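**Q** Below are the structure tokens for one structure; questions will follow.
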């Protein structure tokens, strides 16, 4: 006779199952388990008196015979494709299977074989997500990378050379010499990294040189002159060599207006950074381009979400980041032209309806590298409180909204930049770059971060203690962050053209160099999962009011946010 457990007892032992709901941190977002791949009564769990023991849940199968390297048991997977309960098998640094783990000699329906060579990570009661991707990085200081890793990011894409003034303001690694030095430096970090070259040129020669030097993308920035000629030249090179282009348009409208930029793009795929405009772009109506089918629009996190403090902090932030002086009236006017409460409020709603596709940081250059996930979920929470349930929801939960928002910093930036064949989602065959979360700390403080199947970071107590938990507990690099494990657990992304030109042999770096692919005509706004809406956007040039398909987009600023001070008392 089978043993019956209450739902509460079952969830406490094995984690939630179908129909159970989980609150995300202290938000008003609730997810519900849609499917359970495990078998009730045949669950595997590690520990004294538990299932994963020799001859029970652990088989005699060798690694060569099919046993996985690592199993994450009874995890609640949260990804763009679903919210499901499953065991996760990892092998050779990749996701080998999502299903039912155990001993096929003793248990039915086993799709993930646990053997003597299998390590166990207890996923009971934990949420597992794909590692986050930040697609707007100013590489101003290397310490950003550890900050990002400890927040749950496993891939960073952008440009820079350190605290040079070009890098402080723009997301570019200019020239093949600097790109080579950054690719060499990447060996030192437990993080997947990708570098963008400078895209501002009216002739292609120097841009081709950077792509052949390893640039995965080219960045057009107004501080270098984002003219129609530069836009056209940059996109022409990108189309020839299959790299993405990111654009920060002309705030001052010196070389043209938003219509001129759209005309210069000529329908070609482009990633529009901080499309709302506070981070830079045609004032006051750059936000209009989010309705273009070839434009992939993104946000940087200081405007996420719109709060009572957003406007005030942006003015000071902008003066520092763009080398402006508070004693020069023209500089003050430039700064004030970029900060508009009406477009920032509209940005909240455009994210909620899926018209803005990506959220990134703009690290140390009007953005916070460790708050990509936090700001994303704060925006989702604010929108639920102000706008209620989304019409796409099918149950008494927030599953669709949560899938929409997690896609903004996982799969969508990966698709936009040609990395989705390797990273961006928790799917079989992709790199095992995973983040485990205690639901109470979801999006704020990870429980564990894996890179290429190895544990790279985790909160850890006193190393001299008799157990791992005594205070002080803080985030520390783990074994995956050291030695050759570090260089074998993460990769550096480059262009295919650079690999064909022998870049790996010339630089002799330890990390694998992996080519980006399908960044041009094969993708566009329609490729952005759960975030592909293309409304017709209008901006009143005098009041800055924003309308989408004729509807006024406005909301109140938040006065209180979740995932904030109560999580950072210490």
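Cβ from N, Cα, C; glycine included.
Annotation source Swiss-Prot lists active site, proton donor at 322. Annotation comment: Swiss-Prot describes 136, 138, 219, 362 as Ni(2+) 1 binding site, evidence class sequence analysis. As annotated by Swiss-Prot, Ni(2+) 2 binding site applies to 219, 248, 274. What Swiss-Prot records for 221 is substrate binding site. Residues annotated as domain 'Urease' in Swiss-Prot: 131-570. Annotation source Swiss-Prot lists N6-carboxylysine at 219.
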**Q** Using Cα coordinates, what distance in whole Å links residue 138 (Ni(2+) 1 binding site) and residue 248 (Ni(2+) 2 binding site)?
**A** 13
**Q** Taking only C-alpha atoms and a 10 A limit, tell me which of 136, 274, 322, 362 are near residue 221 (substrate binding site). These are the recorded positions.
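**A** The recorded positions close to residue 221 (substrate binding site) (Cα within 10 Å) - there are none.
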**Q** Quick one: Cα separation, residue 219 (Ni(2+) 1 binding site) versus the residue listed as 'active site, proton donor', in Å?
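**A** With the alpha carbons as reference points, the distance is 16 Å.
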**Q** Under DSSP, is residue 322 (active site, proton donor) part of a helix or a strand, or is it coil?
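**A** Residue 322 (active site, proton donor) sits in coil per DSSP, no helix or strand.
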**Q** Looking only at Cβ atoms, how many others are within 10 Å of the one on residue 138 (Ni(2+) 1 binding site)?
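**A** Cβ-Cβ neighbours of residue 138 (Ni(2+) 1 binding site) within 10 Å number 26.
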**Q** Could you work out which of the recorded positions (219, 248, 274, 322) has its C-beta surrounded by the smallest number of other C-beta atoms within 10 A?
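**A** Counting other Cβ atoms within 10 Å of each of the recorded positions 219, 248, 274, 322, the minimum falls on 322.
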**Q** According to DSSP, collapsed to three classes, what secondary structure does residue 362 (Ni(2+) 1 binding site) have?
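**A** In the DSSP reduction, residue 362 (Ni(2+) 1 binding site) maps to coil.
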**Q** List, in sequence order, the same-chain residues at least six positions removed whose CB sits under 8 Å from that of residue 362 (Ni(2+) 1 binding site)?
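**A** Looking at Cβ-Cβ distances below 8 Å from residue 362 (Ni(2+) 1 binding site), excluding near sequence neighbours, one finds 136, 138, 273, 274, 279, 300, 301, 302.
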**Q** Just to verify a number: CA distance, residue 248 (Ni(2+) 2 binding site) to residue 322 (active site, proton donor), in angstrom, no decimals.
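**A** Roughly 13 Å, rounded to the nearest whole number.
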